[in-house]
Amino acid sequence: MDALVAKADAIKPLFKKRKTAHDARPKAGPSKKPSHNPTTTSVSQHTALPRSLRPSSPPPEDAKKYNHIHNKKLRTQLTRQSTQNARAKKLVKDAELLLTEDAGLMEVEGELEKTWRVGQDEIMGAAGQQAAQGRQEWKLDGGPYRTRYTRNGRHLAVVGKKGHVATFDWQAGTLHTELQLGETCRDITFLQDHSHFAVAQKKYVFIYDRDGVELHKLKSHIEPTRLEFLPYHWLLVSVGNAGYLKYQDTSTGQLVVEHRTKLGACHTMCQNPHNAVIHLGHQNGTVTLWTPNLPHPAVRLLAHLGPVASVSVDPSTGGRYMATAGEDGTVKVWDCRNWKGAVRTWNSRGGNAILDWSQKGALGVATGGSVNVYTKPSIQTPFAAVVPPPLYLTHPIPHRPLTSLRFCPFQDILTIGHSAGVSGILVPGSGEPNFDSSEADPFENKKARREREVKNLLDKVQPDAITLDPDFIGSLAPTPKLTTAVNSSHDIPYARLPRHERLRVSGRADETEDGDNDAVGNDEDDDGQKKRPLTKADKEKKKMRGKNKSLKRYLRKQRKNVIDPRAVAVRAKLEKEREQRRKAQAIASGAEQPHKPSALDRFKRPS
C-alpha cells in the first residue's frame, strides 16, 4: 500500500512545457534550489526505520554495563555488543511471526485410542504426496547397512559391511555414485556437504568425492569403527579398534590431535551438536566425553553393567540430554548438566538397542525386530520406576540385525539400516518444519553451496574452542587475587610479570653487583640471635657464591639503574611483617614486654 501511495504522490503532469531558446538562457538573480526527488520524498513520509534499528535509540534496560573496566576502548566495545545482543533478543519475538509452520504430532480422539496403533499405511494416506515419499524400502545385498544424511537432509549415504557404498539424492531419485569396494566397511559420513564423504574401511579411512573418485587415504586412522564430522570446526573424528580417538582437519589435512582412551576397542560414538564434544561408549560400560584440548576425558560416567551399545544426544534442548543403551538390555536418559543419575530408565526387548534423537526431541529405539519412538516430555521427566515411557509410534522390521537409525533433518522420516537393506518410515512431528537457509538449505543450488562452503571455511572455529560449556568463550576472566598493587591502586597482576620482575617484587632478586651486603653488616638472623662472625676467608668465599650462575648473569643484564617504587613498597611491607613476627615471638618467649597503650599514642606518627 505504501508503494502505491508513493507512486501516486510522484505523478507528474502529462504535458510538459516545451523548452525554447529563450528559456534556456541563464536568468539573473539568485540560483534555484536543488530539485528534489518526489518519489523519495513521498516514500519518506510513509515509512520509518524500526525504533530498535535507529542508531540514536537508547539501549535496552537489560543491557549489561561494563563501567568497572578501565580501558575505554574495550568498555565501549563490550557495551556495544551487549546492547546488540539485547536488541536481537527482542527482535526474535518479531521473527516468530515469519515461522508459520509448526511441528504437529499425531493426536487421537478418545482415551481408549493410542497413537502406536496407527500403522504406516494410515499415515501415508493422511500425509501429502511429497511427505509420503519418505516411506520407502531399498532391498540391498551387501548388508547390514549404516546410513548418514547431510545437514540439510537432501542427500543420503549408505554403506554395507561387505563393501557396498552409495550416495544419492533421495528426494529427486538421482544417484551420485555407487562403489563396490570389496572389503569390510564399518561406517560412512559426509564432510562439509554431499560433494565429499569419508568411509571407514577395513584398515584405513578413505575420502571420496561426489563421483566416487578416491581423493585421500588417511593412514593415521588405523582400523576405524566409527566416524563423525564437526561442521563448524572442519574436523573428521574417528575411533577404532586400537582405542585411539583422532581429530583430522579436513581443510588443512593435518592431524590435530590423537587421544589414547585406554579402554580398548570402541564401537559407539556420537557428537553433541551444541558444543562439539565427542561421546564414546566403551566395553566396560562407561561413557566418556572428549575434547581436543584435554588428554583425558572431560567426563567419565559408568552408565551400564555391560558394554555400551549406542549413545545419542538430544539436539532440540541444546545438548542437555543424552540417551545410552547397553547390552544389559536397558535404555537410560541422562541430564548432561549435573550427571546425578539417570533421569529415566527402562528395559528394551531384544537386547542391544540402537538410539537416535530427532530435531524436535523424539527418541527412536531400534531393538529386536521393531522400532519404537518416544516423545517429550515423558522421556525427560524424572521417574524412579524402571517402566517404559508412553509409546508414540512403533513399526516392525523383520530383517535382523538392526544396525543403524537416522532421523532425516527437516523431514518426518526415520531411516533404518538392517541386514536386507534400508527402510524409511514416517514419524509425524519428528522433524524441524522451519529451516535457516544460511545454516542448512534443502533447496540450495550449486552457486549457493559454493558460497556457503567459502563462508563456513572463513568462519571456521579453532579446535581449542571446544569445551563442555561453550558460553565460556567470550566471557571476561576473573580478577586475579595476586596483584602488585600498592595502596589498592590498579596494577599488573603478579602472575603476568616476567620472572625477574617477580623475583624483584618478592625481594629475592640480587639487586647489588657485589655481595658485600650479605657478608658484612648482617650479624643477626630473623630471630634476633647473634651469628658467628665471619672470617676473611669466609667473606671471600661467600662473596663470589652463585655469581656465575646463568640466572644471576641474566638478572644482571636485565637490571636497570632505577629505583622501582613498587618493589620498594613491597619490600618495605615484607620487612614490616617480618618485624611484627619477630616481636610476637619475642613476647611469646618472654624476652620482651608487650607494649602498654598510652594516652600519647594518638600523637604518634604511623610508621
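Quick reminder: no glycine exception, Cβ is built from N, Cα and C everywhere.
Here is what TrEMBL records for this protein:
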COMPBIAS  36-47  compositional bias 'Polar residues'
COMPBIAS  498-510  compositional bias 'Basic and acidic residues'
COMPBIAS  511-527  compositional bias 'Acidic residues'
COMPBIAS  542-560  compositional bias 'Basic residues'
COMPBIAS  572-582  compositional bias 'Basic and acidic residues'
COMPBIAS  593-607  compositional bias 'Basic and acidic residues'
DOMAIN    391-470  domain 'BING4 C-terminal'
REGION    1-65  region 'Disordered'
REGION    497-607  region 'Disordered'
REPEAT    301-335  repeat 'WD'
Helix, strand and coil totals (DSSP H, G, I; E, B; other) for the domain 'BING4 C-terminal' (391-470): 17 helix, 22 strand, 41 coil
Residue distribution over DSSP helix, strand and coil in the compositional bias 'Basic and acidic residues' (593-607): 5 helix, 0 strand, 10 coil
Mean per-residue pLDDT computed across the repeat 'WD' (301-335): 94
Helix, strand and coil totals (DSSP H, G, I; E, B; other) for the repeat 'WD' (301-335): 0 helix, 20 strand, 15 coil
